[in-house]
Amino acid sequence: MKDLVSASLLGCDLADLKNEIKSIESAGADWLHCDVMDGVFVNNISFGTPVLKCVRKAASVPMDTHLMITDPIRYIDDYANLGSDNITFHLEAASNPQAVIDKIHSHGISAGISIKPGTPVSAVKPYLGSVDMVLVMTVEPGFGGQKFVADTLEKISEIRYILDSMGRTEVNIEVDGGVNGETVKLCREAGANVFVSGSYIFGAEDRAAAVDSLK
Ligand code: DX5
Ligand code: ZN
């Protein structure tokens, strides 16, 4: 399984989106992580389809869309049609998570399921047979620049153990929130292989060095 860095757009200068995308791509980011927030599932509103349509045109790396919205099934078609390569939704936000996974798969793209720090592994277990990625939030979703919650590491190990025992070694485990040159090691040791980073890489003087340090 490949180790990947997914740069979170939320950490960039949103008034200079095209240049920020180019900058982070040339710094070596593998994916572009796009945080969609609705002000209901989380206490913040970020951006939605009009912005991400433009982002898709400006970016050449895969688009990793993270939906922090209630009732995500309503919006899967929109975010798939604009060119997402992966769509991750929150288990806590969906009344029928399997239906959301199936809807994402009907577009022929990767499906991710995410859990907040307080959600136990047992809640996500029924879906480990069908998802392509599990996003373990390492902060409360809603804002960039928060401190890494170390209690989440145990959940990463547990999910990796379950996936391995199911023979699903190809499934990605992504971590998101407070990932930097130090916490990335803990996540990697626990079994994560996709590392989202916003403030750490966009705030760095040398972005290529920051991406390198994660890799
Ligand atoms: C938080 C978002 C993250 C956020 C990460 O809810 O899902 O993707 O941008 O930002 P940092 O890396 O600054 O914690
Ligand atoms: Zn995110």
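We count from 1, first residue shown onward.
Glycine is no exception: its Cβ is also placed from the backbone N, Cα and C atoms.
Please treat TrEMBL annotations as automatic predictions, because they have not gone through curation.
Here is what TrEMBL records for this protein:
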ACT_SITE  ASP35  active site, proton acceptor
ACT_SITE  ASP176  active site, proton donor
BINDING   SER8, HIS66, GLY142, PHE143, GLY144, GLY145, ASP176, GLY177, GLY178, GLY198, SER199  substrate binding site
BINDING   HIS33, ASP35, HIS66, ASP176  divalent metal cation binding site
Run through the Cβ atoms and count how many others sit within 10 Å of the one on HIS33 (divalent metal cation binding site). 26
For the recorded positions ASP35, GLY142, SER199, which residues place their CB under 6 A from an atom of ligand 2? ASP35
To the nearest whole angstrom, what is the C-alpha distance linking GLY178 (substrate binding site) and HIS66 (divalent metal cation binding site)? 16
Just the number: how many Å between the Cα atoms of SER8 (substrate binding site) and HIS33 (divalent metal cation binding site)? 4
If you measure ASP35 (active site, proton acceptor) to GLY144 (substrate binding site) at Cα, how many Å is it? 10
Rounding to whole Å, the Cα atoms of SER199 (substrate binding site) and HIS33 (divalent metal cation binding site) are apart by 12
